[in-house]
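Notes follow once the structure below has been shown.
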Amino acid sequence: MAAAALNGLKMAATSQAYLESMPVNDTRKLLSDLCRHFYGLGWVSGTGGSITIKVHDESIPKPQQLIVMSPSGVQKERMVPEDMYVLSPSGCFLSSPSPKPYPNKPPKCSDCAPLFMKAYLMRNAGAVIHSHGMESCIVTMIDPLSKEFRITHMEMIKGIQGHGYYDELVVPIIENTAHERELTDALAEAIEAYPKTTAVLVRNHGIYIWGDSWIHAKTQAECYHYLFDAAIKLYQLGLDWSTPDHGPIKKYGGKTNMSVKAGTVNSNHETEPSRRCIVLDIEGTTTPISFVTDVLFPFARNNVSRHLAATYETDETQDDIKLLRTQVQSDLEQGIVGAVPIPPDDAGKEEVIAALVANVEAMIKADRKITALKQLQGHIWRTGFQNNELEGVVFEDVPEALQKWHASGIKVYIYSSGSRLAQRLLFGYTNYGDLRKYLCGFFDTTVGNKRETKSYVEITESVGVDKPSEILFVTDVYQEAVAAKAAGLEVIISIRPGNGPLPDNHGFKTITSFSDI
């Protein structure tokens with residue numbers, strides 16, 4: 001009965017009569033009014049930028065509400081209600097504007113449509129704004145290597161959902177592409193990686209901002225642009241907007257902390273390498289190996305059945321199952337010990353889950369570094385961290401070192417066999433609080449095996465250095481050290497309690513604490 005009622009609701013909401021109803025027409029008019037207003041602010045000039053709003057109707061659940069969207073490549077200040085597109089909740093066109101005479105171009109829906117849909121689907125947004133405001137573009141250029149914009153202790157931060165005056169506002173930055181639609185995957189990854197954010201900056205381009213309603217989205221957009229403008233002005237004054245006191249930007253080697261740190265002189269008066277980036281391993285480097293083997297792995301193993309049963313119908317878990325099926329089929333063909341066939345979907349949920357659990361337990365027992373396992377483990381751990389069943393552990397010297405490197409303008413990345421999601425969780429929920437603010441990015445085995453030189457070549461090409469020697473890689477595994485050195489990276493081996501032995505005469509510098517770096 002409930003399904004039938006929902007289907008009836010969907011049909012009624014997409015009927016021609018409803019498309020001509022007051023809620024839809026009011027939303028069309030509101031959108032055209034906002035286009036003119038935002039044009040005056042410089043957010044949608046030169047036909048750039050776009051806006052979309054869901055048709056608010058108390059009788060229709062938000063996920064089923066229709067979507068009104070502005071067109072692309074048009075003069076936003078001249079928009080009228082009839083120029084707007086109306087889309088279904090899934091993004092199908094229900095109503096399109098009529099062509100206008102020359103010199104107007106044929107109507108075309110916003111190129112931002114796929115990105116707007118991500119905000120609707122992933123954040124249940126009520127409205128999304130894409131601005132080309134000058135301040136949202138320039139603020140991404142101040143530090144070309146930064147993956148985030150950060151600001152704190154500014155009154156207007158209070159206008160951003162979930163933030164107060166004393167909080168640090170963090171906005172992810174993704175790289176621009178030649179075509180708007182090519183940003184879709186990067187935007188989705190940023191939304192997933194930053195669950196608290198209500199905006200994503202696009203370098204040298206602009207910003208996407210969403211809210212529960214058009215008022216909420218508009219209010220936040222005004223606050224974001226104010227904060228970006230403030231950061232730019234503070235930077236021009238030589239003041240640091242990212243610190244509570246907004247004091248002078250610190251300088252290292254004649255450069256500000258917005259730049260990279262120059263080579264330093266050690267206690268023997270020898271010039272050490274100029275490090276622009278530090279790439280850190282996790283197990284045995286930032287975190288005790290025992291935490292992974294004694295806490296994380298058992299948690300995943302003990303909760304895999306519960307997790308699969310509770311989330312079986314979700315798209316995320318179905319993707320996990322698809323990856324596991326592919327991996328298990330390969331394992332069976334290669335005769336991998338512990339691999340058992342997974343029944344087809346029509347065999348029943350319980351049978352499929354039982355086979356999946358058997359395979360996952362065998363993979364964990366063998367400590368296999370494979371994407372299918374790591375991805376599922378990450379999703380299980382996410383639930384544990386969010387429910388306070390898990391807390392990440394790092395060595396006591398790690399937070400201070402990360403803070404020091406961050407202040408020095410050195411970019412710090414993580415490279416681990418664990419999934420990027422698992423890495424973000426570990427550093428986001430540590431015994432020292434959220435340390436992700438000191439990290440610029442995460443690499444996992446999708447970039448390559450950690451014992452292969454080409455993986456470190458790929459990382460070198462991804463972090464924006466001029467040469468591999470500007471990267472310091474810290475690991476506890478000799479084979480990884482050899483591979484990184486072969487790629488031209490500077491390498492240090494971490495000696496921590498519980499780490500495995502190293503070969504005699506291995507030839508690498510070693511440390512027992514990050515304070516030694």
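Glycine too: its Cβ is placed from the backbone N, Cα and C atoms.
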Self-check item: Additional site residue, Asp83, Asp466, Asp476 [criterion: listed by Swiss-Prot with Asp281, Glu283 for Mg(2+)]
Solution: Asp476
Practice problem: Can you match one of Lys404, Lys437, Lys450 to the substrate 2 site that Swiss-Prot gives for Ser416, Ser417? | Solution: Lys450
Quiz item: Which of His56, His205, His216, His225 shares the Zn(2+) site with His130, His132 per Swiss-Prot?
Solution: His205
Quiz prompt | Sequence-distant neighbours of Ser416 (substrate 2 binding site) in its chain (C-beta under 8 A, six or more apart) | solution = Asp281, Ile282, Glu283, Ala422, Gln423, Phe442, Phe443, Asp444
Self-check item: For the Zn(2+) site built from His130, His132, His205, further residues of that chain with CB within 8 A of the site's CB center
Solution: Gly48, Gly49, Ser131, Gly133, Ser136, Cys137, Val202, Gly206, Ile207, Tyr208
Quiz item: How many Å lie between the Cα of Cys112 (substrate 1 binding site) and the Cα of Ser417 (substrate 2 binding site)?
Solution: 34
Quiz item: Between the binding-site residues His130, His132, where is the Cβ count within 10 Å the lowest?
Solution: His132
Quiz item: What same-chain residues, at least 6 away in sequence, bring their CB to under 8 Å of the CB of Glu155 (active site, proton donor/acceptor)?
Solution: Tyr165
Quiz item: C-alpha of His132 (Zn(2+) binding site) to C-alpha of Ser417 (substrate 2 binding site): distance in Å?
Solution: 38
Quiz prompt | For the region 'Methylthioribulose-1-phosphate dehydratase' (1-240), mean pLDDT (0 to 100) | solution = 92
